[in-house]
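Colleague: Sharing a structure with you now.
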Amino acid sequence: MVFMLDAVLFAAMSTYLVTEYAPYAAGQGIAEIKTIMSGFMMRKFLGLRTLCIKCVGIVLSVASGLSLGKEGAMVHIACCCSNVFARAFKRVKRNEVERRELLSAASAAGISVAFGSPIAGVLFSLEQVSYYFPAKTMWRSLFCAAVAAVTLKFFNPFRNGKLVPFQVTYDRTWDLFELWFFVLIGVISGLAGTLQNRLTLYLMEYRQRSMLKNFARGEVVVVALVTAAISYLSVYLRADTVTLVSNLFTECHSQDTDGLCSRGDRSGNIVSLVLTSIIRVALTSVASGLAVPAGMFLPSMAAGASIGRAFGMVVQTLYEAHPTWRLFSACKPDVPCITPGVYALVGAASMLAATTRMTVTVVVIMFELTGALIYVLPIMIAVTVSKSVAEALDKDGYFEGIIHLNGYPYLSMDQEYVLQGTSDEIMIRASEMTVIITSGETLERVVDILSTSSYSGFPVVKSASTMALAG
C-alpha cells in the first residue's frame, strides 16, 4: 500500500506542476529540439519556467515508478540552461546561428551528464539533434561535454567515484562463435524496438483524438497506480531501471549463487526476464506520452538488457549441458565461457538503437560505460543489425515519429522530397518581388514597404536590373 501510495502521490505532483505551470515540460523534448535546430521557433519551450518545472517534475515522475528515465530529459534541461544563459549576452541573444550552436553544445552536455560519456554526447549532437554542425561547433561541443563530465565527477552524486551508477567492467573477452548470438539479439531487439515505437506513437495519437486529452492528470494517476500494482509483483520490475540495468550488466562470479546468478532457479529467472522485457515495453509505451517529464532511453535499455541477459543465460545453460558440442569448441575447460552480462550489454545497445535509430552514439555510450574496448565489435554488429531490422519495418525512429505526429515543420536531411510540376509554378517573377536595393535606397521607400507589406523579411539585391542577391 505504501509502495502504491508513493507512486500515485509522486506522479500526481509531477503532472500537476506540468499541466498547471509548464506544459512544454512534458515528455522528452528531443523531437522539439530537433525541430528548433532546423530553424523553427517555439516560444517558452526553452524558457526559465520550463527549466524549473522540468527539473522538479523529472525527479517526481522517475520516483513514482513509471517506466520512464531521466537521461533523455537531461538534453532538454541542458538546452533550457543554454537558452536562459544566452539571454544575458546581447551578441548571442540576437544571433540565431550562435544560439543554435550553443544548443548543439548543450545537447552534448546533456548526454555527457546522463551517461558519463562526453564523446558520446558530441556524437549524439551530431547524429541526432543538430541540423547544421560545422567543425568549430564540434570542438566547442566537446569542451562543453567535457566540462559537464568533470563537474559531475567533482560532485560525485553516486558516492562511488563513478560517473554513472551502472558503470561495470568484465574480466574475460568474447569468442568468435558468440557473434551469431549477438546478431540474433540484434534481430530480436530490432523487432522489439519497432513494436515499442509503433505502440507508443499509436497511443499518443489516440490520446490526441480521444477524450483522454481532457483528463491528462487523471490518466497519469491511473497509469501510475496500475504500473505500481504490476511492478510490485516482480522483483525485476519493482526495482528502478538504474538498479535493474546495473544488475543485468554485472558479471557473475564463482561465489555468487543468489538472484540472477542462481544456478538452481536459472529457468525461472529466464522466464521472469522475458516477461519483464515484454511488460517493460508495454509500460514504456503507455508512459511515454503522459503529461509528465519523461525519457525513454533507460527504459528501452532495461527492456533490451532483459532480453540479452535471458538469451545469455540460455546459451550458458546449453554450454554447461553440452560442452563437447562443436559450437563451443573454442571454450576452454574449467574456465567460464559465457558471460550473460555481456549479452545484456549488447541487448541494451540494440534496443536503444532500434528505438532512436542512433548507431555510433549508442556504441560509444556502451563502451564508455564499461571501459572495455574489446566489446566494441560485438556491440557494433548487434547495433547495425538492430537498426537495419527496425528501418526495414519502419522508416522513422521515435523522435521523427513524434515530429510527424505533432506536425512540426521539420525537413529531414535523410528524406527525399519530390515536388510535382514545373519550377515556374512555384517561383515568383523578379518584377513582382518586393526587394530592398543596396545602394540608392531611401528611408521613405523602406517605410512604405514596411507599411504596405505583410512580410517580415525582404531580399536585399545589388540592383533591380540584375537582381543579384546581397543578403
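Including glycine, each Cβ sits where the backbone N, Cα and C put it.
Relevant sequence annotations retrieved from TrEMBL are reproduced here:
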- 46-67: transmembrane segment (TRANSMEM)
- 73-90: transmembrane segment (TRANSMEM)
- 102-126: transmembrane segment (TRANSMEM)
- 138-155: transmembrane segment (TRANSMEM)
- 176-195: transmembrane segment (TRANSMEM)
- 215-237: transmembrane segment (TRANSMEM)
- 270-290: transmembrane segment (TRANSMEM)
- 335-354: transmembrane segment (TRANSMEM)
- 360-385: transmembrane segment (TRANSMEM)
Colleague: Where, among 73-90, 102-126, 360-385, do we find the most CB pairs under 8 A to the transmembrane segment (335-354)?
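Modeller: Most contacts with the transmembrane segment (335-354): 360-385.
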Colleague: So, do the transmembrane segment (215-237) and the transmembrane segment (73-90) meet, by the test of 3 or more Cβ pairs under 8 Å (sequence gap 6 or more)?
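Modeller: Touching, no - the transmembrane segment (215-237) and the transmembrane segment (73-90) miss the threshold of 3 or more Cβ pairs under 8 Å.
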Colleague: Can you tell me which of 46-67, 73-90, 102-126, 270-290, 360-385 gets the most C-beta pairs within less than 8 Å of the transmembrane segment (176-195)?
Modeller: 360-385
Colleague: Mark yes when the transmembrane segment (102-126) and the transmembrane segment (360-385) have three or more Cβ pairs under 8 Å (sequence separation 6 or more) and no when they do not.
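Modeller: Judged by the Cβ rule, the two regions touch, with the required three close pairs present.
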Colleague: So, does the transmembrane segment (270-290) come close enough to the transmembrane segment (46-67) to give 3+ Cβ pairs below 8 Å, pairs being at least 6 apart in sequence?
Modeller: yes
